[in-house]
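A.B. asks: In case it helps, TrEMBL gives these features for our protein:
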DOMAIN    B:11-107  domain 'Autophagy protein ATG5 UblA'
DOMAIN    B:122-177  domain 'Autophagy protein ATG5 alpha-helical bundle region'
DOMAIN    B:187-263  domain 'Autophagy protein ATG5 UblB'
């Protein structure tokens with residue numbers, strides 16, 4: 001039933017589990033949230049704090065990164081939200097300006113959009129899957145862990161540390 | 001291919017009478033504003049049909065909120081603009097019809113943990129086009145959308161936005177064609193909603209294992225093996241259980257090319 005060359009939900013969950021085992025060893029903060037009732041709603045999440053320096057004022061932001069399974073495209077998808085210290089959601093333009101993400105302005109808004117999260121059912125910023133889909137299909141055969149490979153594709157866009165040890 | 005043109009036309013022409021009322025806490029004038037009545041296409045989206053209503057209420061609210069993002073609620077539940085209007089009505093009032101549909105208008109306290117921001121109509125268009133694209137990935141591995149030109153994409157959107165049936169279907173018919181020797185889509189773009197609004201998406205084939213056409217009843221027994229008497233509503237209609245999924249997808253999908261079915 002899976003879309004040709006995409007990954008199945010079972011492969012996704014297995015990779016997530018392995019990835020989170022490594023993450024735990026490295027204390028990198030990724031956790032697996034399995035869903036017994038609906039396996040398609042399983043995901044991994046990492047919460048962290050980001051420093052923002054704006055006109056010499058240092059503020060702390062809270063960020064949440066979620067990787068879920070995109071059923072239509074048959075690929076993992078990357079989503080995130082960033083809140084300021086008062087709990088207000090940062091806008092996409094604010095996120096673009098803090099260069100958490102290095103994509104030029106023209107492409108930025110076509111690659112990242114706010115969507116209702118298919119799993120968490122709340123607004124999240126989602127990196128559009130069609131940009132990762134093609135690459136991921138080609139890399140699938142040589143990948144040891146599809147989540148590591150996927151994050152390798154996404155992390156150049158995001159200031160998100162991915163320890164080398166994941167590749168070992 | 002979508003051949004039952006009368007059905008397509010009937011669904012396209014579906015309208016809902018809406019009564020918009022300004023939330024009491026927004027009213028800054030002694031005089032109470034009249035409610036604003038309007039007939040809107042079921043297939044449209046709220047940000048496309050609320051300009052006039054917004055202007056009607058603007059002079060009754062605090063001017064400092066005049067530029068803030070307007071949002072709507074029904075019975076205290078914020079309405080998600082990124083779903084078609086008719087779907088929202090079926091979800092909230094399907095079992096208990098209420099006409100006109102009375103909605104409350106807000107200009108403050110935008111519930112950003114529930115509703116997507118919608119600063120302009122370009123956001124609606126971007127959201128619409130990405131949903132059509134996703135549907136095409138399910139139906140034809142994305143091949144139809146990727147071979148279309150930018151002007152075709154525009155025509156699809158403008159047809160919907162301006163309520164032009166012929167303009168819209170001239171392009172949409174290509175998205176509703178089956179390719180290759182197999183009659184039918186690879187998968188049916190379908191989203192199933194419980195009455196609490198939670199959505200389940202599944203990969204659904206238009207055919208059974210033996211190659212015969214799969215109907216709604218067969219899909220239900222696959223997806224809900226433990227439940228009896230499952231029924232679905234869309235466009236205000238409770239769907240007959242023997243409806244073939246392929247026909248349903250071609251004729252009863254919303255303009256975003258997805259079937260949005262409410263459990264009833």
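Cβ from N, Cα, C; glycine included.
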A.B. asks: So what's the average pLDDT for the domain 'Autophagy protein ATG5 UblA' (B:11-107)?
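C.D. replies: That region's mean pLDDT is 96.
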A.B. asks: Please spell out the DSSP helix, strand and coil residue counts for the domain 'Autophagy protein ATG5 alpha-helical bundle region' (B:122-177).
C.D. replies: 47 helix, 0 strand, 9 coil
A.B. asks: Is it possible to list how many residues within the domain 'Autophagy protein ATG5 UblA' (B:11-107) are helical, extended or coil according to DSSP?
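C.D. replies: Its residues divide into 29 helix, 28 strand, 40 coil.
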